[in-house]
Amino acid sequence: MESNFTLTDGISGPVLATILIVQIILALIANGVVLSITFYQWKSLKLSSTIFFTSVILAHLVLNLLYLPFRIIALAAGEWVFGSTNEEKKVTCTFAAFFFWWMVLVILMTVAAISFDRFLFIVKPQLHKRFMRSWVALTLTIAIWILSAALSNVHIFAFHLYIAICIRPSNSIGLSIYFVLLSVTILGIIFVTSLWTFCFTRSFFKNQSVIAAGSVYASKKKRLFGVFGSMLLIYGICFVPGFLYFFLSLFIDVPVWFETFAIICFDFITVANPIIQSYFRPEIKSVLVPYFPFHICVCC
């Protein structure tokens with residue numbers, strides 16, 4: 001990308017725009033279904049996990065409705081068309097960039113909160129029942145949205161992290177330190193709590209299978225590997241390319257094809273996340289099973 005609001009010839013803008021349009025359609029369908037079922041099963045909103053999951057769904061919708069249309073139109077047109085002068089284009093670009101970074105941080109931080117919530121629920125159920133009340137989860141969710149908005153302003157006005165079709169980020173030691181600390185904190189919470197939960201559950205199934213001397217817990221153990229393995233695969237596909245691209249861009253000029261790949265992978269999380277939720281939320285599965293019994297029950 002170049003800083004004059006135009007695209008280079010390294011990628012096909014219309015092709016990428018078409019891919020993103022398909023992802024938007026799939027994301028709106030998937031997120032719309034999950035959100036509709038959530039409001040239909042409104043009593044589940046008292047659960048902390050439902051509050052966190054709903055927050056992610058709302059972030060997906062904002063990303064698909066208030067950011068991606070800007071990128072798609074710019075890719076299809078071959079330039080940033082929102083504004084008649086460079087100053088006006090920079091303003092509209094800042095608006096789009098703000099919502100991009102805001103929703104990226106909301107999604108990542110909420111995934112970390114979900115991972116921590118699952119950790120407490122499975123490993124420390126007494127603490128979860130005592131502390132993770134609905135009002136606590138709601139307060140934490142609101143705090144995540146506010147903190148993400150504040151950090152989004154830091155990204156734009158302190159480090160000039162506009163979306164790439166506007167201007168490239170400025171390489172600096174401060175940006176590198178900031179990015180590493182933020183990434184280590186968020187990914188560290190997700191990795192540690194998920195690994196701890198997996199090991200605890202695996203150990204529990206192993207001990208119970210010895211006591212019961214049956215194949216029931218062995219089957220559950222296989223499903224456990226399937227669930228955590230699929231989550232690791234999906235989150236790895238969606239998040240790792242973006243983190244790797246951004247980290248490398250701090251030091252070298254990353255090829256445009258890899259940037260394009262990272263964009264497509266990250267945007268896919270808005271499609272994959274609602275599907276992942278359908279595996280973990282009984283109120284979602286109770287509605288979807290009659291229509292997609294094989295799809296839901298395979299991973300139940």
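Each residue, glycine too, has its Cβ placed from N, Cα and C.
TrEMBL annotations:
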| type | residues | note |
| --- | --- | --- |
| DOMAIN | 30-277 | domain 'G-protein coupled receptors family 1 profile' |
| TRANSMEM | 15-40 | transmembrane segment |
| TRANSMEM | 52-78 | transmembrane segment |
| TRANSMEM | 98-123 | transmembrane segment |
| TRANSMEM | 135-163 | transmembrane segment |
| TRANSMEM | 175-199 | transmembrane segment |
| TRANSMEM | 224-248 | transmembrane segment |
| TRANSMEM | 254-276 | transmembrane segment |
Among 15-40, 52-78, 98-123, 175-199, the stretch with the most Cβ pairs under 8 Å to the transmembrane segment (254-276) is 15-40
Touch test for the transmembrane segment (98-123) and the transmembrane segment (175-199), at least 3 Cβ pairs under 8 Å:
yes
